[in-house]
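Swiss-Prot lists HIS71, SER112, HIS113, ALA114, GLY145, ALA146, ASN173, TYR284, GLU365 with the feature thiamine diphosphate binding site, giving sequence analysis as the kind of evidence. The Mg(2+) binding site annotation in Swiss-Prot covers ASP144, ASN173, and the record cites sequence analysis as its basis.
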Amino acid sequence: MLEQIRGPADLQHLSQSALSELAGEIRQFLIHKVAATGGHLGPNLGVVELTLALHRVFDSPHDPLIFDTGHQAYVHKMLTGRSHEFDSLRKKDGLSGYPSRSESEHDWVESSHASAALSYADGLAKAFELTGHRNRHVVAVVGDGALTGGMCWEALNNIAAARRPVVIVVNDNGRSYAPTIGGFADHLAALRLQPGYERVLEEGRKAVRGLPVIGEFCYQCMHSVKAGIKDALSPQVMFTDLGLKYVGPIDGHDEHAVESALRHARGFNAPVIVHVVTRKGMGYAPAENDEAEQMHACGVIDVATGRATMVAAPGWTSSFSEALIDYGAKRRDIVAITAAMPGPTGLSAFRDRFPDRFFDVGIAEQHAMTSAAGLAMGGLHPVVAIYSTFLNRAFDQLMMDVALHKLPVTLVLDRSGVTGPDGASHNGMWDLSVLGIVPGMRVAAPRDGARLREELGEALDVNDAPTAIRFPKGDVGEDIPAVRRHRGVDVLAEPADGLSDDVLLVAVGPFASMALTVAERLRKQGIGVTVVDPRWVLPVPEVLTEFAAAHKLVVTVEDNGLHGGIGSSVSAALRHAEVDVPCRDVGLPQQFFDHASRGEVLADVGVTDRNISRQITGWVAALGATPADADEVSERLD
């Protein structure tokens with residue numbers, strides 16, 4: 001049946017039994033396809049019936065469907081004609097793991113940062129009103145987890161202030177708060193599902209208020225009693241008191257019930273909350289039985305067991321997790337903060353070991369940062385573990401609430417640099433540029449697991465400024481020993497005997513391994529290279545300018561945007577120190593990268609050992625540092 005669905009129109013003629021059969025097909029399709037490619041399995045298994053109902057009730061793309069975060073949009077993609085592309089999910093030039101405007105007119109928003117959908121919906125509804133398209137509904141699907149983000153409530157405050165047709169579907173999978181319970185609450189929900197309820201209620205208001213003398217008093221008394229009952233028995237009051245209609249709670253796996261609720265909500269032609277209770281991982285036992293995350297995201301897995309087909313090598317996140325626990329055992333002042341991601345950021349183990357020193361603040365990065373400031377003011381040392389890309393959300397708080405007060409808060413920036421398959425919104429390629437303008441900020445970029453542990457300890461010893469440690473996604477690799485350490489900077493390689501000090505190659509973090517490969521390739525061409533790892537990359541170590549003065553060319557290699565990156569900072573440091581040595585930088589261009597593997601993205605932008613070797617050879621030849629002809633040497637490097 002799924003093969004016959006080319007678009008939402010193909011759903012309209014299906015019976016309830018056919019829809020039930022289709023839902024089963026969709027789940028099996030998802031399980032087998034995502035098992036082969038990796039992706040967000042649990043969230044999509046939980047929204048099958050909901051997505052079917054949305055596309056039967058609303059006219060996409062005429063009525064925009066906006067999925068908050070977007071990782072639960074796989075079913076939406078299937079119902080809008082993209083089922084045949086799922087073998088390429090999250091692969092280079094393939095199907096994105098999130099909504100994508102370049103893929104389909106049905107995808108309005110492609111940023112996968114949480115808590116933003118309601119603001120998009122508010123803006124679209126205003127635009128439709130101003131341009132005369134009053135017959136268009138805007139639908140935002142937001143999870144209960146995303147509602148922990150303050151931006152949602154800012155948007156709700158605005159949406160509730162006008163009678164624009166915005167339908168907000170709260171996909172409540174029970175992960176953040178319990179569904180409404182109790183007979184009277186069920187009665188209220190049933191009343192709200194009756195087509196004539198709102199009309200009858202309005203007529204009742206008019207009749208009571210029309211009573212001579214006592215009408216308004218009676219109405220206020222009745223309203224207060226009703227409000228008091230709601231406050232006591234139902235969480236819907238948080239929405240209705242804002243002036244929003246409320247429909248629910250609805251069994252999110254009963255397609256007919258969800259569809260009925262959505263049709264009634266559509267008929268209000270005003271802002272309305274539809275509360276849908278779903279189960280993450282629905283229909284796949286390994287996901288339903290995964291108590292920690294219900295298979296929120298997975299790699300390639302065995303369908304029968306739900307287990308990964310390959311044993312993962314030690315990763316950066318686990319290395320950080322182990323180190324933090326060790327430091328936490330020695331120091332009771334260390335506390336940990338996450339913004340709704342204890343597992344992915346490596347804090348689950350710290351939470352289990354030191355539950356009283358762990359704080360999950362929900363999807364609230366701004367609050368996390370300022371709360372950390374308060375903890376530091378109180379004599380503790382907070383460690384805020386966050387994805388690099390989400391740091392952007394809390395920049396003002398970092399600058400004004402933490403750095404201005406010179407507070408000892410340590411940021412641990414996971415998924416820095418190119419992350420790959422999750423696409424543009426998840427690449428952490430701006431953190432060095434952002435952090436570089438924060439006064440007093442100190443940033444470390446460990447090259448391996450041993451340095452991660454060491455630099456974390458050094459950060460925790462800082463008591464008068466914020467610090468940050470950045471590392472990428474993936475395997476941590478083998479430790480890379482230093483030849484020597486000079487005033488805090490590790491020397492990883494020096495020119496071989498007989499070669500001059502031609503190039504100082506400054507490697508940022510894990511790019512140290514690539515830098516050593518480049519140095520070896522250049523050695524074979526008679527070019528002497530010193531490879532250094534600054535360890536603490538911001539501010540630029542003063543000794544680095546002394547290293548530079550002894551060489552003919554400085555080259556920086558970093559997993560960050562070139563604008564405002566370490567290369568820019570090193571160039572500025574050389575100018576300020578009046579060291580007249582040319583500096584070239586290798587890094588990421590200022591653009592949004594499509595989803596692909598990390599290696600594929602880096603290759604596309606020329607950040608490979610082969611290409612860097614070729615570039616340096618040309619730069620050295622242009623300086624006259626060696627007699628070799630640049631083109632001739634480049635050919636030999638190939």
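Using the three backbone atoms N, Cα and C, a Cβ is placed for every residue, glycine included.
Keep in mind that this is a model prediction, so the values were computed, not measured.
Each of the binding-site residues ASP144, GLU365 was ranked by the number of other C-beta atoms within 10 Å, and first place falls to GLU365.
Applying an 8 A CB threshold to same-chain residues 6+ apart, the list for ASN173 (thiamine diphosphate binding site) reads GLY46, GLY143, ASP144, VAL277, THR278, ARG279, LYS280, GLN294. The maximum pairwise C-alpha distance among HIS71, SER112, HIS113, ALA114, GLY145, ALA146, ASN173, TYR284, GLU365, the residues recorded as binding thiamine diphosphate, is 32 Å. DSSP assigns GLU365 (thiamine diphosphate binding site) to a helical segment in the three-state reduction. Using a 10 Å radius centred on the Cβ of HIS113 (thiamine diphosphate binding site) and all shown protein chains, the other Cβ atoms total 20. Just so you know, the Cβ of HIS71 (thiamine diphosphate binding site) picks up 22 other Cβ atoms within 10 Å once every protein chain is counted.
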